[in-house]
Amino acid sequence: MFHKNLIQYAVILLFKDKADHLFSFIIFTFIVTLLSGVLFISDAIQSDLKEASLFQPDIVVENTLAGRAYKLMEEDKEAIESLTGVTAVDGVVDGYYYFAQGRVWFHIIGDSSLSLGQMRVGSGVQKAIHAWHYDDVFNFFTLKGKITLKIEQIESKASDILCNDVMYMHPANARAVLDLNLHEYSKLYVTVPNPNEVGELALKIVETLPSVKATSKEEMMAHYQHLFYYKGGLFMILYLVCLVSFLILLKNQISLVYGEKKKEIAILRSIGYGIKDIIAIKFIQNSVVSLGAFLSGVFIAYAYVFVFQAPLLRSIFLGTELEHNVEFTPVIDMHMLFLLFLFSVIPFLACVILPSWKIAIADMSEAVR
């Protein structure tokens with residue numbers, strides 16, 4: 001442990017040179033805040049995707065006509081049910097309804113667990129319709145007239161990553177809103193109990209029905225992860241900004257040691273301070289700066305992402321569409337934070353301690369002059 005007097009003297013020197021250390025503290029805090037914010041957002045999105053994937057079907061089958069989505073028929077459902085390895089095929093009523101007043105699209109999904117005349121909506125939908133004074137019921141306007149449904153439940157915020165823009169309702173109500181007949185489906189959900197057969201069965205489905213597209217759960221999750229991938233071009237720019245800032249910070253630290261601090265180290269050596277004492281003083285000073293900046297940066301990033309919902313970075317990750325307008329669930333990857341600490345605090349300390357040691361073991365007479 002460090003001697004009490006050594007710690008006190010290091011703190012005195014820290015406040016004496018507070019202007020120099022304040023610059024390092026601000027730059028370091030900025031770097032950690034930016035990188036931690038990106039990591040927090042990414043971890044929150046990945047966690048929500050992982051949770052949402054538990055409820056996704058093994059294979060989703062969609063029909064296409066002239067490159068556009070087209071309805072599936074009962075005979076398509078029966079053809080897939082006949083394949084070996086498939087235990088169930090559920091016809092899904094799925095589509096989009098344009099809410100002209102709010103100028104947004106709502107994702108309509110049929111859910112047989114709901115009663116006729118009832119629906120369950122995502123939190124983003126609830127906010128969008130509440131602005132137009134729809135609180136307990138919502139009116140759909142179709143070519144066949146007005147359809148009024150009662151809002152029974154709001155989806156949990158943890159599922160917002162996939163359900164933010166969704167309206168769940170009884171399939172009969174969904175058919176009426178989307179103008180689908182009784183034995184017509186938007187999609188087919190295929191259940192495959194053996195995970196090893198999912199890929200092969202997806203290919204068999206396409207061979208059986210050449211106009212359809214069969215997407216496995218893994219492919220769907222990969223698609224969503226690609227949408228929110230945080231190592232793309234925009235984030236490379238952020239990383240470059242952090243890298244340049246960190247290099248400026250390290251250059252500033254080295255310049256301080258080889259500049260005005262060189263004489264200070266020489267004087268300390270001449271009045272009896274040992275090399276270990278000088279290294280200890282520099283270590284204490286810069287540990288306070290780096291650890292304080294690191295913890296401050298992590299705290300600011302946490303508040304920015306999970307309290308204020310990352311007002312600038314969220315638009316880079318998610319865009320501004322209702323579909324991806326989610327609330328971040330607090331998730332912290334301690335392993336990534338440790339790596340961030342390792343590759344920021346350690347180089348920062350090394351760029352001070354190593355030059356200080358080099359000066360301390362050199363000839364003091366030239367430095368004092």
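Quick reminder: no glycine exception, Cβ is built from N, Cα and C everywhere.
Bear in mind that TrEMBL entries carry predicted annotations, made automatically and left uncurated.
Annotation source TrEMBL lists transmembrane segment at 21-41 (among others).
Here TrEMBL flags 228-250 (among others) as transmembrane segment.
Taken from TrEMBL, the feature domain 'ABC3 transporter permease C-terminal' covers 236-360.
What TrEMBL records for 288-312 (among others) is transmembrane segment. Sequence-distant contacts of the transmembrane segment (288-312) (same chain, six or more residues past either end, CB-CB distance under 8 Å): 11, 14, 21, 24-26, 28-34, 36-37, 40-41, 44, 327-328, 330, 332, 337, 341, 344-345, 348-349.
Sequence-remote contacts of a segment are chain residues at least 6 beyond its ends whose Cβ falls under 8 Å from one of its Cβ atoms, and for the transmembrane segment (332-354) they are 24, 28, 31-32, 35-36, 39-40, 43, 246, 249-250, 253-254, 256-257, 279, 282-283, 285-287, 290-291, 294, 298, 302. The transmembrane segment annotation in TrEMBL covers 332-354 (among others).
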